[in-house]
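S.K.: For reference, the structure I am asking about is given below.
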Amino acid sequence: MEPDDSQLSDILKDARIPDSQDIGVNLTQNLSFDTVQKMIDGVFTPIFSQGTEDSLEKDILKTPGISTIYNGILGNGEETKKRTPKISDAFEPDLNTSGDVFDSDKSEDGLMNDESYLSNTTLSQVVLDSQKYEYLRVRTEEEQQLVIEKRARERFIRKSMKIAEETALSYENDGSRELSETMTQKVTQMDFTETNVPFDGNDESSNLAVRVQSDMNLNEDCEKWMEIDVLKQKVAKSSDMAFAISSEHEKYLWTKMGCLVPIQVKWKLDKRHFNSNLSLRIRFVKYDKKENVEYAIRNPRSDVMKCRSHTEREQHFPFDSFFYIRNSEHEFSYSAEKGSTFTLIMYPGAVQANFDIIFMCQEKCLDLDDRRKTMCLAVFLDDENGNEILHAYIKQVRIVAYPRRDWKNFCEREDAKQKDFRFPELPAYKKASLESINIKQEVNLENMFNVTNTTAQMEPSTSYSSPSNSNNRKRFLNECDSPNNDYTMMHRTPPVTGYASRLHGCVPPIETEHENCQSPSMKRSRCTNYSFRTLTLSTAEYTKVVEFLAREAKVPRYTWVPTQVVSHILPTEGLERFLTAIKAGHDSVLFNANGIYTMGDMIREFEKHNDIFERIGIDSSKLSKYYEAFLSFYRIQEAMKLPK
């Protein structure tokens, strides 16, 4: 009951409640003394918090004889509780829990077993009766059951969302529908009876679980794919490009430098990426046949580099790019962080992109190692974070001078089984072995200059080399190309490059003649034959040559110092004088390693192998000096053996 005005005036007169207008100088101090006296008499009990009570207890008990006063002021322990009460009616029953129910540091089982929680309400709030409180009590069975059901529903939702994320990730990486169906079936067949939770369709958490299942089924039914095609009908000239798809769904493109190639890229995504900001990356890479294409298109160091000549003449930026984007309906940019890449910015909801590609270099400009590799055009579809979603590529791209003609000649013929045909670096007849192109017939020396025999031998070649009409020329080419034909084209034997043999005089010099080489691209093909044979000396002829050279070696040669020195060396001497004469004394280790210690040993090895110095490992720059000195010594020794 609130006091009226008359009662308030009486209280003010008694100085129990001071008035702000009548406060004197010492009124506050007197009031404090009166309050302390009332506390000592037990009339007034102050309001203390739990911390204040503990601190007062420590300070007051230090003074002797004050324990009785302390008990009167604070009362006994039964009246003032050490535990603070909790709020019971401040919120709804479902929310009558502490704020740390879903704390990650506490386990769910521990929260389920803890049936009571304490609030942070102080004792002063209870005394002042600011709101309705109820002291600590145990939850009823109905309240506890509601809390258990709510937590079980939340756990089920978290598990469902986790399974949905794992299913979508595995479906994106592996592309396996079986895995997606299995995971979706697991979520659909989850029984709420495991957690004793009644599934209510009107509950918000239950609706969330249904949405999770529907999203998983949507991801399962959506099949992602991406394709890259060349629009052949939009090419300016059909002869500038050839595009084909093999039975293994591998794509091949042969085009011309400076020709616009219309490209169309299509894709299909699930609804998670439908409204995302996507980007399309385009790369032109090279790879070996043994290398995996999937690795090569992602390797930042596998770009095809433009030649120096075209780079210096290029007018578009970047100057060193092998290709450029033209006539694109989307904005694009260039980047070289992860390889030379053109990036097209797609608008949300786009399902295709059309643009033109122009190549500003060609195969013949590249190095030999790069020409032996296969070039590939790859496109990547990335999300807004730069992560790859899908990719597609054209397995082989060739930039040649006549793409359509070369494709017909080398890929559309019946005998062209491999689409990755490469032009030979050398003509076929230069790669053939000497055994297959040399003339296998022996020429008799007596009849060598007989006109009749020579004419008879040249009749087949004359009939072929001088055809009467175009049909004979075609038949001649077919017979030459046929593997079952016995006719073998005649070609000049390459000159012998052995330095020791030519210096020794065993092989005569061969005069080089310009042959009219046969080429399939020539309008009038001719086959020119040359009748010749390699000179082979008999034993008697070889002996005469050696005797002649030995007699010639007796003539003193003052123009070259090593010749004068080796003329005084004996076969029984060591190698020191010989090596010193040619200023190669440090090469004695090579001779000793091969069992050559004297000049006689060197003569013996030379008669076995005329390329003795190449065999023991003499440097090629010193071979001329070695052979000149040793052959002079060898001829002198042979001349000394001849009868006088």
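Backbone N, Cα and C atoms are what each Cβ position is placed from, and that goes for glycine too.
According to Swiss-Prot, the record shows the following:
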type: DNA_BIND; residues: 223-418; note: DNA-binding region
type: BINDING; residues: C307, H310, C361, C365; note: Zn(2+) binding site
type: REGION; residues: 528-555; note: region 'Required for tertiary structure stability of the protein'
S.K.: Given the Zn(2+) site residues C307, H310, C361, C365, which other residues of that chain have a Cβ within 8 Å of the mean position of their Cβ atoms, reported in sequence order?
M.R.: K306, R308, S309, T311, M360, Q362, L366
S.K.: So if I measure Cβ to Cβ from C365 (Zn(2+) binding site) and keep only same-chain residues at least 6 apart in sequence, which ones fall under 8 Å?
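M.R.: Looking at Cβ-Cβ distances below 8 Å from C365 (Zn(2+) binding site), excluding near sequence neighbours, one finds K306, C307, S309, H310.
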S.K.: Check the binding-site residues C307, C361 for other C-beta atoms within 10 angstroms of each C-beta and report the one with the most.
M.R.: C361
S.K.: Applying a 10 Å Cβ distance cut-off over all chains shown, what neighbour count does H310 (Zn(2+) binding site) have?
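M.R.: Within a 10 Å radius of the Cβ of H310 (Zn(2+) binding site) lie 16 other Cβ atoms.
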S.K.: According to DSSP, does C365 (Zn(2+) binding site) sit in a helix, a strand, or coil?
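M.R.: Assignment for C365 (Zn(2+) binding site) reads helix.
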